[in-house]
Amino acid sequence: MFVLVNLKAYPCDPVEVATAAADVSDDSGVRVAVAPQAAQISAVAETGVETWAQHVSAVEHGSHTGSTLAEAAADAGAVGTLLNHSENRLKLADIDGALDAADRADLETIVCANNPAQIGAAAALDPDGVAVEPPELIGTGTPVSKADPDIVTGAVDAAARVNGDVDVLCGAGISTGEDLVSASDLGASGVLLASGVAKADDPRAALEDLVEPLL
């Protein structure tokens, strides 16, 4: 089970969260990664935690002011990237171009989508993984696996029909170990979460609670 913690732009200490994630991953054997702001990738990667970018742009080296170059993210220590999060949506051509950019930089990729139909379309672009996140549940503490489990099973089925090799994750409202188990029972191979860890008073305790049912 893969746990990817998206720090978004929350006012947390990214190194503190990353250190906690690295320790919990080492202690539990569960794969835990952290996706910080682009400027913090290097500092987070130095903790030893698996580090992801929140986004890379569909560009190569050149005149692209304000873009996030995939190669720069990789050089800073990222090993993967999210794409098309509901808070940073992309046009289809830009998703495809960003996947190409990530491939050039040898970054693992997860394309986010809102529902099973979009998951099928995302899987057709051949990322390493897709993640279904209903935007109305993001940050609510109500997990999609409980609010509407058919979204998760539908996403798993939609991806499998198009690309049997793609991993399917779910997100939105994930915050407890019970949520993680529910996602796994519905066929997801991992979860995305953010506020449940990034806004926690004790990120390590939050992560320990999250992975405890897997031990």
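Placement of Cβ uses the backbone N, Cα and C atoms for every residue, glycine included.
The substrate binding site annotation in Swiss-Prot covers Asn6, Leu7, Lys8, Ile138, Gly173, Ala194, Ser195, and the record cites sequence analysis as its basis. According to DSSP, Leu7 (substrate binding site) sits in a coil region rather than a helix or strand. Leu7 (substrate binding site) is surrounded by 24 other CB atoms, counting those within 10 A of its CB over all protein chains shown.
In sequence order, Asn6, Gln54, His55, Cys112, Glu133 make up the list of same-chain residues 6 or more apart from His85 (active site, electrophile) whose Cβ falls under 8 Å from its Cβ. In the three-state DSSP reading, His85 (active site, electrophile) counts as coil. Feature annotation from Swiss-Prot assigns active site, electrophile to His85.
Under the heading active site, proton acceptor, Swiss-Prot lists Glu133.
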Fewest other C-beta atoms within 10 angstroms of its own C-beta: which of the binding-site residues Asn6, Ser195 fits that? Ser195
Taking DSSP three-state, what's Ser195 (substrate binding site) in: helix, strand or coil? helix
Distance in Å spanning the most remote Cα pair of Asn6, Leu7, Lys8, Ile138, Gly173, Ala194, Ser195, given for substrate: 14
